[in-house]
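Chemist: Take this structure first; my questions come after.
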Amino acid sequence: MTQQLVKKGQQISLKIKRLGINGEGIGYYKKLIIFVPGALPKEEVTATITNVTPKFAEGTLQSVKKAAKDRVVPPCPVYETCGGCQLQHLAYKAQLDFKKDLLKQALNKFKPANYQNYELRKTIGMDNPWNYRNKAQFQLRQIDGQVEAGLYQADSHQLVPIDNCLVQQPATTKVMNTLVDLLNDFQLPIYDERKNSGIFRTLMVRVGIQTGEVQVVFITQSQKFPQKEKMVRAINEQLPEVVSIMQNVQNKKTSLVMGDDTLHLWGKESIEEHINDVVFDLSPRAFFQLNPEQTEVLYNEGIKALDLQPNETVVDAYCGVGTIGLSLAKQAHQVRGMDTIPAAIDDARFNAKRLGVTNTHYAVGTAEDLLPKWFKEGFKPDAIVVDPPRTGLDRKLLTALLKQPPKKMVYISCNVSTLARDLVQLAKVYQVDYLQSVDMFPQTARCEVVVKLTRK
């Protein structure tokens, strides 16, 4: 049936109704849903069909016959090939409206109890929605004899060289470009995944926005590092802002960028960052939000939603280096946090000690294993804050929360679909007070949401 409606290679005219979760335009052709990246709501476009399935088809934008008033010219020269951003062609105010609408779409799909009456607050955006990312993680490739660093084109392993990413902090761009020049100067062997040869796979550069400290991580196929001393000396001479040089070994066939072994090459083993007057040490593998300016906004919204009293205890699930929990520690009687990465827990403990915070307890493990264990031991928290990965809450953790729900909960989500799915369960024991979206990643389709929940 679908094959008769539309064929691969066919050119069709479409009216775009809305944007999908990846920022792509959505239209209907003879009742078949068509996804067209780059198209905007209220536009009339021509698209060429590239993929057909029984339930939907995908197309590439050929021309815009009637443009939306919110369409703007993307300032990035590689915007259409890079795949890192999805919304540069949409005016920023409209991006904020879209992110609130995404949340509405997800709730409509999963229909948690009473969802039509949820309070959805306006998305909090940035004054300057550019140059916000504190970390660049660029793949390396030898192209025509030259080392290039960049990102893979969407759904491919085709590298798009990038020497000025408009959403990156300028400090990371400067360091990245200098490192690429040095790799070329020293003619170091770049990893080739087809031949499984070479050494240098990826460069990671992270900057502490408040401190100006920069960390460089060379991600390599093996522990080998030809001309290591020369490279370190050159970085010292040309990039005095770099205070930490590390090497991470990733020799497995996996989509994970980093491996388990991290080697210290020079300087400090971590860099400092400040959020809400709390100082954090960031080691190479430690998770830390990519937009520190909006992270402060996000966590302040979380703190406000929790409304902790001095006698209350709180669990910081998925705690990372302790960013949320340490921001809460002043207001709470005790904070307990957990994370699966031992280095992150080490950082969280160190951060607490350095700040003189004595009312925290950090443990290595999953929230779904540790929370039931703590419940059995008699620790019954008054509040819990969860900041899970994009996959949402683990089923075992949800079960534990449904059995013994703390009286207050804040859910910080980076994926509106898994949030809406989890709210179906959480709404059985919690009232959803409000949802506050925060734009952590301007120019992309991603959005963070703070949800305030109170036990029924």
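Cβ atoms are placed via backbone N, Cα and C, with glycine included.
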Chemist: Return the residue out of Asp261, Asp339, Asp346, Asp347 that Swiss-Prot annotates for the same S-adenosyl-L-methionine site as Gln289, Tyr318, Asp387.
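Modeler: Answer per Swiss-Prot: Asp339.
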Chemist: Cβ within 8 Å of the [4Fe-4S] cluster site's Cβ centroid: which residues qualify beyond Cys76, Cys82, Cys85, Cys165?
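Modeler: Going along the sequence, the neighbours appear as Val78, Tyr79, Gly84, Gln88, Leu151, Ile162, Leu166, Val167, Gln443.
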Chemist: With a 10 Å radius around each C-beta, find which of these binding-site residues (Asp339, Asp387) has the fewest other C-beta atoms nearby.
Modeler: Asp387
Chemist: Take the mean position of the Cβ atoms of Gln289, Tyr318, Asp339, Asp387, the recorded S-adenosyl-L-methionine site. Which other residues of that chain put their Cβ within 8 Å of it?
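Modeler: Surrounding the site, in chain order, are Phe287, Cys319, Gly320, Thr323, Ile324, Pro388.
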Chemist: What is the biggest Cα to Cα gap, in Å, among Gln289, Tyr318, Asp339, Asp387, the residues listed as binding S-adenosyl-L-methionine?
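Modeler: Taking every pair among Gln289, Tyr318, Asp339, Asp387, the longest Cα gap is 15 Å.
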Chemist: Using the structure shown, find which entry in Cys85, Cys414 (the recorded positions) has the sparsest Cβ neighbourhood within 10 Å.
Modeler: Cys414
